[in-house]
Amino acid sequence: MKTKFIFITGGVLSSLGKGLAAASIGALLKARGLKVTIQKLDPYINVDPGTMNPFQHGEVYVTDDGAETDLDLGHYERYLGESLSQKNNYTSGSIYNRVITKERRGDYLGGTVQVIPHVTDEIKNAILGLAEDEPDVALIEIGGTVGDIEGLPFLEAIRQLRGDLGKDHCLYVHLTLVPYLKAAGEHKTKPTQHSVKELRSIGIQPDIILCRCEKAISAELKRKIALFCDVDQDAVFSSVDVDNIYEVPLRFYEEGFDQKIAIMLRLPAKNANLESWETLIHTCSHPEGQVTIGIVGKYVDLKEAYKSLHEALIHGGVANKVKVNLRYVNSEEITEANVAEKLAGCDGILVPGGFGHRGVEGKIRSIRHAREHKIPFFGICLGMQCAVIEYARNVLGLADANSEEFNELTDNKVIYLMTEWYDFRKGAVERRDASSDKGGTLRLGAYPCVVVPGTRAWDAYGAERVDERHRHRFEFNKAYFEAMAEKGLVFSGLSPDGELVEIVELPDHPWFLGCQFHPEFKSNPMRPHPLFREFIKAAKKEAMGGKKGK
């Protein structure tokens, strides 16, 4: 097998940044001319994160093939500039589901099904499946923290793989915390020592230790960690806190991280070309201005719920050479009386996707404020649906206009449940109703959109047909198409068969656009998404116009 595998584990505590570390390593190896892929293995029992509460899990990231995945896949795609798929994310739930399906089918010939070998073999199959596309390197991030009971089958599987594939084909990287105690004025290595001890008790000896820390650790401290953790001194690296997450690949490169990996895995000795990353950081560090974007949502207390959105707005800032300041506004707190105060100073207003009726009226009030005061507005998924509801109520005069999701009894369901649509990937019509399961039953993944010439959407894309990622079960009710068009709403993007509305906009507004899809999932720092580029461009014009007091 030509593929080399790098396994990334984490210790001491969660949220150390394994996903960013894996993505940054992948970016460095790709910059060396290698073909790279990345996989995330999540220990939770849910089959996928599709029905999980955003406050617990954060964003659900959607791939082209319709997989609902961990938000770390967003980091992977943004840093690699590659499209990933379902096989790049597995959970304990999906692994156990496969095992149980095989048992019910009789594949195990009546044998007793156990964690070892059946579950661990299924995990190994998922990992080795990455080699089918023949990448030079496959990075596998093990979710959770070493010592968690849920993660033990995954750790056992990657322990076995080194024996299966050989030492030249496997590398273990352990990310750990090295806290800095200000009172003592020094870093402490004991948490790292205990974390590695826990990992070794499972049978895994890390080859490289990556130390998450506030400031770079000294050579003396690296020697100490190397001694007690039984690794080479030049295999201990710092992962220092940075102001901009896109600096991480450059920091790793300065430490020689990619070179050490190349030596240990006997990869081609080619220097990394990081010119595009250096240009990116220079642009971020030297903005020509700044804009403030108000994000009106209900998950604002956990910024991870809007992770890709946050990054896509930053990308839009890079394209326009401005710093983007994000102000998160809780939609549940917005009233008719305070909407102007809540959104004062915003150069642009964005209403993101979401589910459920909570906070919807605050979003609709925000959209009306943006429309009437000519503030650039961008609505995504539910944000587009709310824009349609607002227009129906306040322009068409349909006071009870609503979505079937929020009010099943209204006479004017301008947004209603999708009951069928054509899935071009399957070549078949998908059908749903109100009794369908919630998990995995939305319109998911990349679908084509036909863009109407002469519109803002056309100006952004410069193309007649684009593919965008979706995650929704409600849609615009075409019974209101003509009435809204007569009142000035432009339908600038439709499905190829003309049945589904994908983009709406207002031509007599500085920039007012809503889309049913999630463009944030297809934006990366090197190629900002056209709609985010144009939205920030309009916000920049608003900021330069000095109209913040409106």
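Just so you know, glycine gets a Cβ as well, placed from its N, Cα and C.
Swiss-Prot annotates GLY354, LEU382, GLY383, MET384, GLN385, ARG473 as L-glutamine-binding residues; of GLU333, GLU336, GLU405, GLU486, the candidate listed for that same site is GLU405.
Together with SER15, LEU16, GLY17, LYS18, GLY19, LEU20, the ATP site in Swiss-Prot holds one more listed residue from ASP65, ASP70, ASP72, ASP107, which is ASP72. Look at GLN193 (UTP binding site): DSSP puts it in a helix. According to DSSP, MET384 (L-glutamine binding site) is assigned to a helical segment. When pLDDT values are averaged over the domain 'Glutamine amidotransferase type-1' (292-545), the model yields 93. The C-beta environment of LEU20 (ATP binding site), restricted to residues of the same chain at least 6 apart in sequence and closer than 8 Å, consists of HIS75, ILE245, VAL248.
Taking only the Cα positions, the spacing between LYS188 (UTP binding site) and GLY17 (ATP binding site) is 19 angstrom.
The record assigns SER14, LYS188, THR189, LYS190, PRO191, THR192, GLN193, LYS224 to the UTP binding site, and the maximum Cα to Cα distance across that set is 24 Å.
Highlighted in sequence order, GLY353, PHE355, CYS381, CYS386, SER403, ILE415, HIS472, PHE474 have their Cβ within 8 Å of the centre of the Cβ atoms of GLY354, LEU382, GLY383, MET384, GLN385, GLU405, ARG473, the residues recorded for L-glutamine, and are not part of that set.
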